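Swiss-Prot has this to say about the protein:
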- 33-53: transmembrane segment (TRANSMEM)
- 58-78: transmembrane segment (TRANSMEM)
- 87-107: transmembrane segment (TRANSMEM)
- Asp111: active site (ACT_SITE)
- 120-140: transmembrane segment (TRANSMEM)
- Asp126: active site (ACT_SITE)
Amino acid sequence: MLIWITIGIVWAIDRVLKVLIQGNFVVGESVPVIPDFFHLTYVLNPGAAFGLLPGRTWIFIPAAIIVCAGIIYAQFKIPRQEWLMRLTLGLIGGGALGNLYDRLFIGKVVDYLDFQIWPFVFNFADSAIVVGVGLLMILMLLEDRKERKTE
């Protein structure tokens, strides 16, 4: 259940933020929130997170569907007490679903978080995916260590 709740919350927050950006900005508009550090900048991204692989929507739609299918499968395999793994998969699934929605209905992904310290603009869904993948890597490393100790 935690996976579904997390997916729903991530998707809803992502959707609300994107609708607010689309309704209040024109593409390319940038508003400084913290000058020279953080701006809200509305861009339509034809690629992956952080503008990588532009124009490859045909790769990302099936990839997101496969990720979501894998998470549905995992829902039934992960013990209930492994709540952190369930939360992690919910973050990844919610982010994947948020960007999949954009690709299917807009043709590009709405990005708006613009930290001036690097040239990438991203969104809440991207952040959820990155945090989820980071947590997944940590959990996998911890599990590997645990298995090595029992051998």
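Cβ from N, Cα, C; glycine included.
Minimal Cβ crowding within 10 Å, among the active-site residues Asp111, Asp126, is found at Asp126. Asp111 (active site) falls within a strand when secondary structure is assigned with DSSP.
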